[in-house]
Each structure stands twice: as C-alpha cells, then as structure tokens.
Amino acid sequence: MSYLVPIVIEQTSRGERSYDIWSRLLKDRTIFIGGPIDDHVANLVIAQMLFLEAEDPEKDIHLYINSPGGVITAGMAIYDTMQYIKPDVSTICIGQAASMGAFLLAAGAKGKRFSLPYARIMIHQPLGGVQGQATDIDIHAREILRMRDMLNELLTKHTGQPKEKIERDTERDFFMSAAEAKEYGIIDEVITVRK
C-alpha cells in the first residue's frame, strides 16, 4: 500500500521552496522510525544519521520511534551507528517502542531519552525460527542465544538494571507504560509538552 507523502512549502526571502515532510523534518535533524525495522529502514536511518553528522557533528539528532521492532541485525546496524557518530542521538517514543524499537529507545544519549505519556514500551528475548538438518538448527539456536546474551548485556548497560533482572524480564513480553519505562531506566523523562 502506498501513502501520500505531504508536501510543505517554506517561504524565504528568496522565494518559496517545497519539501516532502520527511526532508523538511530532516532539516531540523529529526529522523523517524515509523514501522518494522528491516535492512531497508536501517539503511535509510543510518544514511540520515551520517548526513546529519557531516552537516554538524556537535548538534543533537532526534530519533522518533513508533515501531513494533524488527530484524536484530538491522537494529544493531542502527545501534552501532548511534554509538559511533559524534552527535548525541536523542530518542523519543511515540505510540510504541517494542522489541528492537525499545532497545534503540534505551540506546539514546543518557539524559536525552524520552517518551510521550501514553506510549507503550515492550522488551523481550529475540525471536527466531529455522528448519533444516539438526546441525543447522543447532547452529541457529546457538546464534540466537548469543544475540540474546549480547542484547541483555547492552540493556544492562543502558538501563542500569542487573543482568539477572533483564534476563528474567525479557523471558516473555514485558510491557511498560512510559512512567514504568522511566523507572526501569529505558527512558529518562516522560514528556507532555515540548520545551
């Protein structure tokens, strides 16, 4: 299904200029993840982050997240880029940040991780499925367990929660309100009004 992308017109002293809404928001250093995270989404988000870093390495980037999660490797590509680039990446949850979306929300710069009040946040262990020979299934099972351990370690680092608690809580879907996510350490502040 294709969607109409709104066009905004900006008036300047030199005349009018029209932008699609995403390009206009990018001028304000705002990036959106507005759906499942796959390689295509990751490549777009990473390209925008690298562009904004080249434009001004000292100015924050604002990453808005409304995502049910997605592919671990795609999410980790975004995560690694967030940690690699010079500008702080402020994360803001709107709607929901689940699974890899919640992980990226927690990975924002300390003190700059936010959620709107009625958003929901959910963490859980990696999901996966494989079929084939027993050896192949074993290889993939060990890889999923390795990724689970890596994600739990990183959530421990970003939230300040003990690893044992993260392991317990991610055993099944663990839903939180914005206020609960703040208490958990996934975000720093619940925001109701833009400052």
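Using the three backbone atoms N, Cα and C, a Cβ is placed for every residue, glycine included.
Record features, source Swiss-Prot:
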type	residues	note
ACT_SITE	Ser99	active site, nucleophile
ACT_SITE	His124	active site
The residue listed as 'active site, nucleophile': tally of other CB atoms within 10 A of its CB: 25
Under 8 Å by Cβ from His124 (active site), counting only residues of that chain that are 6 or more apart: Ser99, Thr170, Glu171, Arg172, Asp173, Phe174
Helix, strand or coil at His124 (active site) [DSSP, three-state]: coil
